[in-house]
Amino acid sequence: MSAQSVEEDSILIIPNPDEEEKILRVKLEEDPDGEEGSSISWNHLPDPEVFRQRFRQFGYQDSPGPREAVSQLRELCRLWLRPETHTKEQILELVVLEQFVAILPKELQTWVREHHPENGEEAVAVLEDLESELDDPGQPVSLRRQKREVLVEEITSQEDAQGLPSSELDAVENQLKWASWELHSLRHCDDDATTENGALAPKQEMASAGESHEGPGTLNIGVPQLFKYGETCFPKGRFERKRNPSRKKQHICDECGKHFSQGSALILHQRIHSGEKPYGCVECGKAFSRSSILVQHQRVHTGEKPYKCLECGKAFSQNSGLINHQRIHTGEKPYECVQCGKSYSQSSNLFRHQRRHNAEKLLNVVKV
């Protein structure tokens, strides 16, 4: 992106998989005080997330000099935060939201971003909704399994709408299972018994809730956690959530007796029992339990792919697809086998690799 004077057009090149490049011209004007104003038609701009990513990934080598670099960063930041249409409080919330999502484990980052929260409160509500669906030690095992199945169905239906191959769907399913268990484990650290070396021993039901393979090995997600064949290890209490003791859970599920502090959380929870899917697609009739999932599904019909790779321009309908794709460029392989140390960029490949270890173990047992 080249630097332009205030009187000239500022050209932002947005990669597009269907074209070599799509040029968005933003006419900048000069106000009476000599500062930069704008006659931008905000409705025709790409999603602010595109400009946020460009702002964060901008490099000094992308500009001819320091003055041009500052100018381009200022423009990208303006197109992200949009001070012409947002209040100071809204801009503050956008910055807080970005940092909050950034400190979450990667799987939870994907889950939150798929729901497109516009501020910190909406992001918290997304996590609280997920939290309300997770295991409750006082509930029957069958109900806990049913909850997990509902969550897995939601995320896999999102990726199925994108037309991913079965191997990628397996990866998404397992990512949600382990991210859900992670959030539950972090919340209930004090309720779990510790092993001799300080690792937390999870509930036995979690092992039976997954597929026939063993745990996903070491998952390097930037937080001190270790997923190793059914054992979870991380500093006790570090991520414990502090609740407001004055906040009472006044909403009770008539089916299972679980309490909720918000009526909206109870409504979502009750769909586990009723199987209700009130959000239907007018194009194909497929129904979903949440409106956010319907929005994701509708991209099958519209062809919308708002998540673009800044490296090659390839576009995706889901943010999780973009995250997986970017590992091709970065070479990141966060999924490591604890038995041999081999790493993979996709969790599905790790699971497939671990099945070979399991088969070898079985053969050794048979030989003995």
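Note: Cβ is positioned from N, Cα and C throughout, glycine not excepted.
Swiss-Prot assigns the feature zinc finger to residues 335-357, out of the candidate ranges 36-58, 197-219, 220-242, 335-357. Check Swiss-Prot against the ranges 90-112, 159-181, 251-273 and you find zinc finger recorded for 251-273.
Calculated from their C-alpha atoms, the gap between Ser274 (phosphoserine) and Lys286 (SUMO2 cross-link) amounts to 17 Å.
Proximity note: of the listed recorded positions (Lys277, Ser292, Tyr335), Lys277 have a CA within 10 Å of the CA of Lys286 (SUMO2 cross-link), given in sequence order. Looking at Ser292 (phosphoserine) and Lys277 (SUMO2 cross-link), their Cα atoms lie 12 Å from each other. When the modified residues Ser274, Ser292 are compared by the number of other CB atoms within 10 angstroms of each CB, Ser274 has the fewest. Here the CA atom of Lys277 (SUMO2 cross-link) lies 34 Å from the CA atom of Tyr335 (phosphotyrosine).
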